[in-house]
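A quick write-up on the structure given underneath.
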Amino acid sequence: MENDVKEKLEEEEEANRLLPPPHPQSLPSSDSESEAAFESNEKILIVDFESPDDPTTGDSPPPFSWRKLWLFTGPGFLMSIAFLDPGNLEGDLQAGAIAGYSLLWLLMWATAMGLLIQMLSARVGVATGRHLAELCRDEYPTWARYVLWSMAELALIGADIQEVIGSAIAIQILSRGVLPLWAGVVITASDCFLFLFLENYGVRKLEAVFAVLIATMGLSFAWMFGETKPSGKELMIGILLPRLSSKTIRQAVGVVGCVIMPHNVFLHSALVQSRKIDPKRKSRVQEALNYYLIESSVALFISFMINLFVTTVFAKGFYGTEKANNIGLVNAGQYLQEKFGGGLLPILYIWGIGLLAAGQSSTITGTYAGQFIMGGFLNLRLKKWMRAVITRSCAIVPTMIVAIVFNTSEASLDVLNEWLNVLQSVQIPFALLPLLTLVSKEEIMGDFKIGPILQRIAWTVAALVMIINGYLLLDFFVSEVDGFLFGVTVCVWTTAYIAFIVYLISHSNFFPSPWSSSSIELPKRVSVSDS
């Protein structure tokens with residue numbers, strides 16, 4: 001009897017050895033197999049307040065609960081910070097100064113488009129239990145995966161430079177010019193260690209700090225709005241009546257282009273995993289998506305109001321003036337002070353406080369995003385503090401060089417910012433196309449694959465964003481590219497860039513391809529039995 005059992009076990013072991021290993025996408029993610037966004041003990045347990053003794057086992061989610069919404073609140077607010085970083089604030093103030101109130105409607109609809117993209121990112125994270133960078137690692141061949149990782153890192157570094165420089169400018173304002181730009185960069189770089197310190201106390205503590213920073217921004221820019229008293233009538237007309245002229249097309253492109261931040265698409269798919277949700281239970285996944293939609297909508301509404309405050313303040317102060325075309329982050333505070341004066345608290349320092357909160361919060365989320373991007377694409381099993389230091393170093397070294405070289409030149413900083421905006425625009429397809437590919441695949445998403453209508457809407461929004469950013473790139477290179485050698489280099493890189501985008505689109509299978517096996521009718525194979 002014992003021999004029979006032993007022989008049976010040996011046969012099963014031999015069969016297991018001969019069987020091919022399952023595809024990585026079919027395996028559940030675990031800490032021992034791959035890099036996880038959050039350890040199991042770091043995740044927030046979602047308690048069923050309404051029916052603790054009778055958990056839902058069907059397909060319909062449990063009834064709405066305010067207490068449960070509170071437990072899910074957090075990831076959407078961290079995600080919304082990318083809509084409020086110094087680069088966005090600069091786009092807001094330039095749109096207000098040059099276009100007045102006329103682009104507020106576009107700001108509103110661009111924020112709505114951003115919400116759609118971010119909810120698709122959250123959908124991927126909740127339904128699969130893995131974040132976008134991890135899924136890209138399994139979805140694409142090695143060469144494409146490394147290209148996507150390189151592009152994501154470049155986008156993150158470009159965004160980080162803008163954010164750190166924005167914080168440094170704010171520190172320079174608040175120190176009355178005592179601290180130079182490079183000193184502000186060093187101070188801002190230390191947020192990496194603050195982030196590591198806060199992370200040790202749990203996700204909720206970190207989310208609370210971000211809530212304070214967002215509230216600081218809101219109060220600062222709302223104060224400025226109240227002090228300057230923009231026209232309420234013009235504000236409502238700007239939101240409700242779409243207007244666009246040839247003179248404001250570049251600012252319109254900038255408003256839309258700033259909404260989709262490549263690293264933020266990767267970030268949100270990881271942040272939603274900070275809540276303990278069983279991806280195998282359909283009702284719990286749907287419940288989580290419902291709550292994340294509510295909290296993300298609230299978070300982006302707040303970010304829209306903050307962006308609206310900044311745009312209308314600068315529309316009130318500088319629209320139609322000679323300074324409108326020269327205003328930027330570096331001189332915005334001084335221009336505000338000259339226009340609106342002091343009051344109880346000088347508007348220069350209110351602007352500085354809001355800008356500092358924007359810069360500090362966005363640099364910390366940038367560090368957060370860098371950890372997930374590096375860990376997901378490369379499957380690195382490094383400690384979080386090590387990944388944070390590596391991520392921060394990649395951005396701080398070039399930022400320090402920028403601060404030293406451009407410390408005394410406002411014009412040079414503005415040109416640099418334009419180049420960084422171009423860098424962000426170039427990277428957008430490399431976050432959007434993988435996201436739309438993955439969220440449309442049933443073998444990855446299961447029942448939570450998006451339907452054909454939402455698929456078409458999402459692809460339309462993605463195409464619109466990429467076309468708008470393509471216009472920005474074309475306009476920029478036409479005005480900036482000078483010299484034969486530089487022109488040839490740009491053409492070569494553009495060809496490779498377009499070829500890779502075509503590859504990503506063809507990989508998505510959304511558009512029928514003449515090379516796909518499904519579109520080629522093969523001759524029927526004749527078997528011996530048929531004859």
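Using the three backbone atoms N, Cα and C, a Cβ is placed for every residue, glycine included.
Features as listed in TrEMBL:
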- 26-38: compositional bias 'Low complexity' (COMPBIAS)
- 1-38: region 'Disordered' (REGION)
- 104-126: transmembrane segment (TRANSMEM)
- 179-197: transmembrane segment (TRANSMEM)
- 209-226: transmembrane segment (TRANSMEM)
- 252-271: transmembrane segment (TRANSMEM)
- 292-315: transmembrane segment (TRANSMEM)
- 348-369: transmembrane segment (TRANSMEM)
- 389-407: transmembrane segment (TRANSMEM)
- 457-478: transmembrane segment (TRANSMEM)
- 484-505: transmembrane segment (TRANSMEM)
Residues from the same chain, set at least six apart from the ends of the transmembrane segment (348-369), whose C-beta lies under 8 A from its own: 78, 81-82, 84-86, 89, 156, 159-160, 163-164, 166-171, 173-174, 188, 191-192, 194-195, 210, 213-214, 216-217, 220-221, 223-224, 227, 263-264, 266-267, 270-271, 329, 332-334, 336-337, 388, 391-392, 395
Contact call for the transmembrane segment (209-226) against the transmembrane segment (292-315), three or more Cβ pairs under 8 Å: yes
The transmembrane segment (252-271) vs the transmembrane segment (457-478): 3 or more CB pairs under 8 Å: yes
Long-range neighbours of the transmembrane segment (484-505), counting only residues six or more past its ends (CB under 8 A): 144, 147, 426, 429-430, 433-434, 437, 477, 511
